[in-house]
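Colleague: The following feature annotations were taken from TrEMBL:
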- 1-25: region 'Disordered' (REGION)
- 118-156: region 'Disordered' (REGION)
- 118-132: compositional bias 'Polar residues' (COMPBIAS)
- GLU294: active site, proton acceptor (ACT_SITE)
- GLY328, ALA329, SER330, THR331, GLN332: ATP binding site (BINDING)
Amino acid sequence: EFKLVDAENGQNSSPATTHRRFGPSSGWKKYAVGGSLVLFILFLLSKNSPGFILGDHPPPPPPHHVHPQHTFDLPNQDVADPLIDVTKDESIKFTGPINEAEAALPASHDYIHADQSFPSFSEDASSNSDLPTSFEDDPNPAGTTGCQSPHPDATAKGRPLVQYVVMIDAGSTGSRVHAYKFNNCHSTPQLEYETFKATKPGHGLSSFADDPLGAAKSLDPLLNEAVRVIPKELHAQTPVAVKATAGLRILDSKIGPNASKEILGAVRNRLTTKYPFNVSDRPGDVAVMDGSDEGVYAWITINYLLERIGSDVDNTKVPTVAVMDLGGASTQIVFEPMSRHTDATPLADGDHKYTLTYGGKQHVLYQHSYLGYGLMQARRSVHNLIAYLYEFGNVLVPSWDEWNEDIKVPNPCMPHGTSKHITLDPPHKSPVNVTMVGSSNGWDACNRVIELVMAKDAVCEVQPCSFNGVYQPSLMETFDGPLLAMSYFYDRLSPLGINDKTSSFARGEIQKLASHACKGEANWKKYWRGNQEALDVLYDKPEMCLDLTFMNGLLGLGYELGPQRPIGTGKKIDGVELGWTLGASIAVLDASSL
């Protein structure tokens with residue numbers, strides 16, 4: 001059975017004990033006050049006007065020293081999965097050398113070992129032409145064109161010829177369903193295709209804090225789609241799971257643990273009373289998923305699809321891929337520190353250490369989920385910090401908990417000439433709406449705010465640290481394999497010209513894009529001349545300056561990737577959505593606990 005284990009006492013850990021919780025609500029003030037003093041002095045000495053701010057949520061505490069070990073055998077076949085939307089077939093490509101733009105960037109000391117041999121991917125929806133690629137193309141959804149009978153190993157495990165899994169990703173910005181079809185023609189399940197459907201943005205389970213039944217009903221369109229594509233005779237044997245991610249974790253931190261419990265209770269009740277699928281009694285099948293599982297399942301998904309893990313893979317020659325997943329409420333990093341660097345510091349014990357067995361081989365991973373550092377939460381933290389510092393530097397301005405949309409707050413992370421209504425979170429007060437207007441301070445001023453939010457100088461109890469006092473082995477010293485940035489990384493970079501068609505890109509390219517995005521309309525028309533998609537996004541999203549600056553800070557300041565370090569990005573591999581859900585679904589087929 002797949003479960004978290006506390007290495008110190010052998011007891012199962014629950015999500016409440018294994019994921020980091022925000023500290024006292026007053027914890028953010030020491031950063032805001034200290035930061036405000038620093039920024040106030042800096043801006044008095046510079047030409048930039050003051051106006052900046054750290055979110056109302058304090059950073060997570062240092063890592064607990066718990067060592068969860070996860071041992072289960074995963075299939076040696078395909079894997080993959082979800083996140084934002086699936087309107088395009090955007091497959092990842094890591095081809096050839098780094099692009100020409102990187103040559104102009106300064107040399108970086110952390111690029112000494114960097115592996116430039118990125119994997120290359122086909123844009124075909126499937127590498128196996130004998131199998132259907134979608135429900136619409138499937139001549140026999142209850143059977144398979146791959147074989148006539150299950151593999152003997154599958155038969156010995158009681159597996160039928162065809163199996164489906166319904167996995168619902170209940171994220172912070174909305175819910176998505178993935179209905180996967182597998183065949184058992186081989187010793188391990190083989191993915192044939194997935195059916196995907198999403199709710200409207202903003203309709204995640206956490207948006208129904210006071211309406212558990214409404215939250216449960218919001219999943220009806222997704223479950224009805226699964227009912228449509230899965231043959232009726234297979235409904236009863238099809239497992240269904242609902243895994244909530246960072247949105248409900250944050251709801252619990254704000255309201256209390258009963259908030260998510262009531263919502264998930266209503267979801268489980270509706271699944272068992274209204275739908276024909278198999279809902280197990282395991283609590284983890286309808287639950288808030290621990291951040292460590294979310295990141296590791298995504299890592300398994302991606303490396304499985306890329307055939308970089310398995311019994312036939314020599315990882316001393318073919319390194320695994322590191323995954324950097326930027327969600328709405330949290331961000332995850334997962335990678336396998338490489339022992340061949342003899343001068344590298346061994347991976348310290350703690351709940352960041354995740355051990356799994358795949359294809360008979362053990363992989364010891366570093367993983368961490370930064371709750372509160374997803375893109376949407378980072379925006380709120382930045383806006384709150386800006387509001388606090390604006391009030392701090394302007395004695396005639398009323399307290400920010402008394403503001404309204406008539407109050408115009410200069411925002412250095414919005415380009416000059418732009419404005420937007422923003423919701424702020426004054427500590428211990430109700431949210432307020434204000435109007436934030438762009439300033440002419442540019443990227444440098446916005447980057448100062450991001451640096452404060454990143455808390456790079458926070459106390460580091462276990463060396464080395466990334467940011468916010470979180471232990472993380474140095475990527476420079478311990479990892480030289482490919483890096484994959486996914487989810488919001490891809491969604492923000494793709495319309496600006498960095499996507500699956502640009503091969504790998506240098507980390508410094510994000511800083512360059514951020515600098516141009518922060519300069520405003522006149523510069524946009526020059527720099528993105530001829531790219532109407534980029535211009536449309538910049539006009540529609542004045543937060544692009546903030547988003548790109550935060551992404552650059554996360555990768556550069558946070559993870560300490562040099563400007564020349566190559567990174568790949570994409571949304572699909574062989575037509576399959578990236579994310580954690582396929583990895584989790586394969587664990588379901590392996591009779592593992594989610």
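We number each residue from 1, going along the chain as drawn.
Positions of Cβ are set from backbone N, Cα and C atoms, glycine also.
Bear in mind that TrEMBL entries carry predicted annotations, made automatically and left uncurated.
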Colleague: Any idea what DSSP makes of GLY328 (ATP binding site), helix, strand or coil?
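Modeller: The three-state answer is coil.
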Colleague: Relative to the mean position of the Cβ atoms of GLY328, ALA329, SER330, THR331, GLN332, the recorded ATP site, which additional same-chain residues have Cβ within 8 Å?
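Modeller: Same chain, not in GLY328, ALA329, SER330, THR331, GLN332, Cβ within 8 Å: SER172, THR245, ALA246, GLY291, ASP325, LEU326, GLY327, SER369, TYR370, LEU371, TYR373, GLY374, LEU375, GLN377.
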Colleague: What does DSSP assign the residue listed as 'active site, proton acceptor', in three states?
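Modeller: Going by the DSSP assignment, the residue listed as 'active site, proton acceptor' falls within a helical segment, counted as helix.
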Colleague: Relative to the Cβ of GLN332 (ATP binding site), which residues of the same chain, six or more apart in sequence, are found under 8 Å away?
Modeller: GLY291, GLU294, GLY295, ALA298, VAL323, MET324, ASP325, GLN367, HIS368, SER369, TYR370
Colleague: Have a look around ALA329 (ATP binding site) and count the other CB atoms within 10 A of its CB, chains all included.
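Modeller: By my count, 28.
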